[in-house]
Amino acid sequence: MMETNPQTSEGAGKAQSSAKKVKNRRKLRRTVAGAMALTIGLSGAGILATAITPDAQIATAQRDDQALIAEGKDLYDVACITCHGMNLQGVQDRGPSLIGVGEGAVYFQVHSGRMPMQRNEAQASRKTPRYTEAQTLAIAAYVAANGGGPGLVYNEDGTLAMEELRGSNFDGQIDPLDVSRGGDLFRLNCASCHNFTGRGGALSSGKYAPVLDPANEQEIYQAMLTGPQNMPKFSDRQLSADEKKDIIAFIKSTKETPSPGGYSLGGLGPVSEGLFMWGIGIMVLIAAAMWIGSRS
């Protein structure tokens, strides 16, 4: 009978234990390495996806949506086709072509109530709009889909920009520096027609520059960009986007700032003040003279 050496058995046991530990360590290393590789791979894939994925195009998706364009076409066929033609090509002696005017021009005209016109006249005047903002954007999308042109200004979340257009440095409050720059630009480019406070004025041939108070920020921006009716166009090469915003800041600041001298008399400056002095002041003096004469 063969005898077992205790030292040999002990050595064999240690060898097996050591081999098992090595095997476990290798297994642990493989597990850790696999987890790290998976983590690095997923992280790299995420970074790569972020890098190659374009920015959110919420606004573009809204404007290019086929259902929105179809809705706009239906509205166009009801209200616009008579004057602007079946294919937006315009109708002689009725309405101009809309090809290439862009959604900005449509928004200004329709949202301000100028279009559809109630009657043919020298100039379309502002009135209560016939269509809601959503319907207006649908018509604008249809026109933009057939010729392109200047677009509306949207926020990053896809909403239509309004107060965000109040100055190039707007952060919830109008920046006084924007108002100062906007005032200089307004007096240089706009005051000759709209008056230095934006209250409008008469032009030739029965036309006029409208009061700017009722216009919202998007309307003012699009008016500068598209040049409706008698107004010149101010492209981004003539007035940059920030300069347009600064002009809007000046207009809104002028409207919302109380007159330190009391009633502003329409904001027409020396004209209205002089008329008040002659029309009211002289009458008061005449009445006072007559009263003094009757007492003597």
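Cβ coordinates are placed from backbone N, Cα and C, and glycine is handled just like the others.
Swiss-Prot has this to say about the protein:
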BINDING   CYS80, CYS83, HIS84  heme c 1 binding site
BINDING   CYS190, CYS193, HIS194  heme c 2 binding site
COMPBIAS  1-19  compositional bias 'Polar residues'
DOMAIN    67-147  domain 'Cytochrome c 1'
DOMAIN    177-255  domain 'Cytochrome c 2'
REGION    1-27  region 'Disordered'
TRANSMEM  32-52  transmembrane segment
TRANSMEM  274-294  transmembrane segment
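Cβ-based crowding with a 10 Å cutoff singles out HIS84 as the top-ranked of the binding-site residues HIS84, HIS194.
For the domain 'Cytochrome c 1' (67-147), DSSP puts the residue distribution at 40 helix, 2 strand, 39 coil. Within 8 Å of the Cβ centroid of the heme c 1 site, not counting the listed residues CYS80, CYS83, HIS84, the chain contributes TYR76, ALA79, ILE81, THR82, GLY85, LEU88, GLY90, VAL91, ARG94, GLY95, LEU98, PRO116. Excluding the listed site residues CYS190, CYS193, HIS194, the same chain places PHE186, ASN189, ALA191, SER192, ASN195, GLY198, GLY200, GLY201, ALA209 with Cβ atoms within 8 Å of the centre of the heme c 2 site Cβ atoms. Regional average pLDDT for the domain 'Cytochrome c 2' (177-255) in the model is 93. Within 10 Å of HIS84 (heme c 1 binding site), counting C-alpha to C-alpha distances, fall none of the binding-site residues CYS190, CYS193, HIS194.
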